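J.: Not my notes, these are from TrEMBL:
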TRANSMEM  A:22-43  transmembrane segment
DOMAIN    A:22-244  domain 'ABC transmembrane type-2'
TRANSMEM  A:55-77  transmembrane segment
TRANSMEM  A:106-125  transmembrane segment
TRANSMEM  A:131-153  transmembrane segment
TRANSMEM  A:165-190  transmembrane segment
TRANSMEM  A:210-236  transmembrane segment
Amino acid sequence: MFIRDSAAVFHHAVRATFRTKAGVLIGAVQPLLYLALLGPLLARAVPGGGGWEVVVPGILLQLVLMSAGLAGFGVVFDRQTGVLERLRVTPASRAALLTGRVLRDALVLVAQSALILALGFALGLRAPVAGVLAGLAFVLVPALGLAALSYAVALRLPPEVFPPVMTTAIVPLMLLSGVFLPMSMAPGWLDAVSRAMPLRYVVDAMRDLFAGHYATGSVGIGLAVSVVFLAVALAAGTRAFQRESA
Amino acid sequence: MIVTRGLSRSFGRVEAVRGLDVEIGAGEIVGFLGPNGAGKTTTLRMLATLLRPTDGTATVAGHDLLADPRGVRRAIGYVRQGGSADPTRPVREELELQASLYGLRPPREHVARVCEAFGLTGLADRPPAALSGGQRRRLDLALGLIHRPRVLFLDEPTTGLDPRTRAALWDHVRRLREEGTTVLVSTHYLEEAEALYDRVLIIDGGAIVADGPPSALKSRAGGTLGDAYLALTADA
Ligand SMILES: Nc1ncnc2c1ncn2[C@@H]1O[C@H](COP(=O)(O)OP(=O)(O)O)[C@@H](O)[C@H]1O
Ligand SMILES: [Mg+2]
């Protein structure tokens with residue numbers, strides 16, 4: 001039931017994503033802009049070389065925050081058009097209605113991340129393959145969580161409130177996680193505030209992995225934060241889909 | 001087929017539905033009449049498992065609303081007031097998703113079947129945004145009926161349609177009668193109640209104020225069904 005329903009929702013969502021060439025092109029180019037236009041500046045600003053290994057993980061996380069964080073826009077639309085009620089009347093598993101969408105988001109993020117990595121390598125990134133793959137896994141786990149959370153918020157907030165709230169919330173979340181430069185470079189107060197951001201630990205861990213340091217404290221903390229974040233977010237998302245229904 | 005016991009729903013201080021006790025038998029086609037805000041949509045949404053009652057309970061097709069919502073969902077179709085298709089997705093894709101979620105295999109064959117039944121065959125590659133109001137309503141019916149539910153809830157299916165399209169929709173409801181489907185239809189149109197329904201429920205202020213065949217309500221009011229309706233519902 002759950003798998004069949006998730007697959008159906010996933011298939012339906014993927015078809016929409018790849019419907020138009022223009023949409024696919026925008027989805028491919030947009031995430032590369034930060035890397036191409038801001039990356040070279042940041043890479044130089046990192047003291048002591050190894051700039052790209054610091055910058056690329058941050059840009060990956062920035063992409064995740066933007067795409068996954070704003071994933072709930074789709075639900076806002078489905079609420080307004082009555083699609084969501086229609087799906088909720090079917091016997092489909094409530095968790096599947098969420099999971100199918102989140103899996104589509106994951107597919108898109110993997111594709112976009114691959115593009116970012118390819119451009120990163122072209123620009124000068126020199127990271128071990130194992131570190132890059134591990135780093136990707138680190139970014140995808142919280143991404144799925146964030147997408148689920150975004151859906152949960154979109155289901156709870158009045159439809160006209162979600163877009164401004166979410167777009168406003170995402171910017172400080174992104175900046176405080178240290179996506180552009182490591183927060184260890186920040187003044188004390190900013191560094192302290194950023195420690196409240198779960199995704200800060202994820203990007204710190206990714207930077208270690210990209211530098212080829214696997215057995216560090218940051219990696220351990222990053223892993224724990226990613227997994228807990230995903231679990232909490234999925235629970236909240238499923239609850240939101242069940243809300244109110246008998 | 002539908003039994004409610006004290007079914008109620010409040011939104012904050014607004015008591016939208018107050019203690020509904022209704023029994024609807026298998027194969028009955030029942031019109032659900034009442035002024036705007038009377039509680040029709042709220043009632044139908046509760047029976048379709050979309051809204052949790054604040055009090056009371058109901059069974060639909062033998063399944064308890066609260067204990068077995070999935071059993072209810074398997075047995076019912078619900079056509080929402082105002083439609084339920086994504087205006088940007090091709091009709092075919094919306095129907096295929098619907099077929100898959102009801103476990104119909106293979107989805108394509110079931111989609112072809114409902115497209116045929118609801119006159120959508122030539123329109124399947126269009127998005128609803130490119131359909132007329134009547135065509136969109138037929139799509140809504142196809143989405144709600146693709147799994148041949150035993151119980152169908154229609155919320156104001158004819159509101160805003162021109163007379164010809166409305167008559168075509170009545171024909172679809174008559175066909176459901178032949179198939180033995182139990183149908184609860186909310187509507188504003190009294191002439192529709194006379195033409196189509198075995199029985200009408202009139203709801204006002206969240207409570208049932210009349211229940212019976214159109215003919216019985218008319219003779220009780222000593223006039224038309226419109227007289228009965230106006231006598232029973234409060235001035236808004
Ligand atoms: N989601 C909601 N939140 C608050 N009040 C609601 C909600 N849905 C319906 N109501 C109120 O409940 C009452 C009944 O509404 P409704 O069932 O939509 O009536 P009808 O379908 O007969 O026009 C109205 O007073 C309406 O304002
Ligand atoms: Mg209504």
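Even glycines carry a Cβ here, placed using N, Cα and C.
Context for these features, please: burial, neighbours, distances.
T.: Within the chain carrying the transmembrane segment (A:22-43), a Cβ under 8 angstroms from the stretch's Cβ atoms is held by residues 51-52, 54-56, 58-59, 62-63, 67, 108, 111-112, 115-116, 119-120, 123-124, 180-181, all 6 or more beyond its ends.
Proximity of distant same-chain residues to the transmembrane segment (A:165-190), defined by a Cβ-Cβ separation under 8 Å and at least 6 residues beyond the stretch ends, is recorded for 38, 42, 45-47, 54-55, 58-59, 61-62, 65-66, 69-70, 72-73, 150, 153-154, 157, 196-197, 199-200, 202-204, 207.
Residues 50, 53-54, 56-57, 98, 102, 125, 127-128, 130-132, 134-135, 138, 141-142, 144-146, 148-149, 152, 198-199, 201-202, 204 of the same chain lie 6+ residues outside the transmembrane segment (A:210-236) yet bring a C-beta within less than 8 angstroms of a C-beta in it.
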